[in-house]
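Okay, structure first, notes after.
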Amino acid sequence: MKLIILDRDGVINQDRDDFVKSVDEWIPVEGSMDAVAFLTQAGYTVAVATNQSGIGRKYFTVQNLTEMHAKMHRLVRQAGGEINGIWFCPHTDADNCNCRKPKPGMIEDIIGRFNAQASETWLVGDSLRDLQAIDAVGGKPALVLTGKGKKTLSQHGHELPEHTQVFDTLLDFSQYIMQENTAPQAD
């Protein structure tokens, strides 16, 4: 099982300081739909792991989130890709749950659900907490510089997990993965 986990806000869609609260505010990052299509076509299972504390803060509802995710699914399919599952944490930091990144609960659940190997699983995110969550299970962290990624790199570059790879966009990450898949293997 080849699994890639994507953070949502700032990676797949544009992020907002005041939360993405509705389907109209959910706007894809340029190239992200094609990136998911490339990953799908390369044989990867693609899952989304997203903290959505706006639900816990009552900024939007689960129904609003469902509508945003329906739009994301539709646009990804139109590009020729597939998202095989979406996991979200509705809690705030004060709830002290195990699913809110950087805690690894959501990531462990995804890896278990797809019977994947943590050490072979990528997580692409734009925040330190995304990278810490995949690092906690022994996976492969990738930072993209969209969303909060540039700020994360400048303010937390010294704290990134040791094997973090940095890409400008999700599309750049997907092209790297496709090159890795087509590179000749050593005997």
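Placed from the backbone N, Cα and C atoms, the Cβ positions cover glycine too.
For the recorded site, D7 (active site, nucleophile), the DSSP three-state label reads coil. In sequence order, V48, A49, T50, K101, L123, V124, G125, D126, S127, D130 constitute the residues six or more apart from D7 (active site, nucleophile) in its chain with CB-CB distances below 8 Å. Per Swiss-Prot, active site, nucleophile is recorded for D7, and the stated evidence type is similarity to another entry.
Taking Cβ-Cβ distances under 8 Å and a sequence gap of 6 or more within the same chain, the neighbours of D9 (active site, proton donor) are D15, R16, V20, T50, D126, G147. Positions annotated as active site, proton donor by Swiss-Prot, on the basis of similarity to another entry: D9.
Here Swiss-Prot flags D7, D9, D126 as Mg(2+) binding site.
Taken from Swiss-Prot, the feature substrate binding site covers D7, R8, D9, D15, R16, D17, D18, F19, T50, N51, Q52, S53, R100, K101.
What Swiss-Prot lists as Zn(2+) binding site is C89, H91, C97, C99. For C97 (Zn(2+) binding site), the number of other Cβ atoms no farther than 10 Å from its own Cβ, over all displayed protein chains, is 15.
What Swiss-Prot records for T50 (among others) is site 'Stabilizes the phosphoryl group', and it gives similarity to another entry as the kind of evidence.
The Cβ of R100 (substrate binding site) lies under 8 Å from the Cβ of N51, S53, C89, H91, T92, D93, M106, each on the same chain and at least six residues away in sequence. In the three-state DSSP scheme, R100 (substrate binding site) is classed as coil. Marked as site 'Contributes to substrate recognition' by Swiss-Prot on the basis of similarity to another entry: R100.
In the shown protein chains, 24 other C-beta atoms lie within 10 A of the C-beta of K101 (site 'Stabilizes the phosphoryl group'). Swiss-Prot lists K101 (among others) with the feature site 'Stabilizes the phosphoryl group'.
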Inset, instruction - Do me a favour and check the Cα-Cα span between Q52 (substrate binding site) and C99 (Zn(2+) binding site); whole Å is fine. - result: 11
Legend entry - Span of the substrate site, taken as the largest CA to CA distance across D7, R8, D9, D15, R16, D17, D18, F19, T50, N51, Q52, S53, R100, K101 (Å, rounded to a whole number): 19
Legend entry - Largest tally of Cβ atoms lying within 10 Å of a Cβ, found at which of the binding-site residues D18, D126: D126
Inset, instruction - State the Cα to Cα distance, in Å, between C99 (Zn(2+) binding site) and D18 (substrate binding site), rounded to an integer. - result: 22
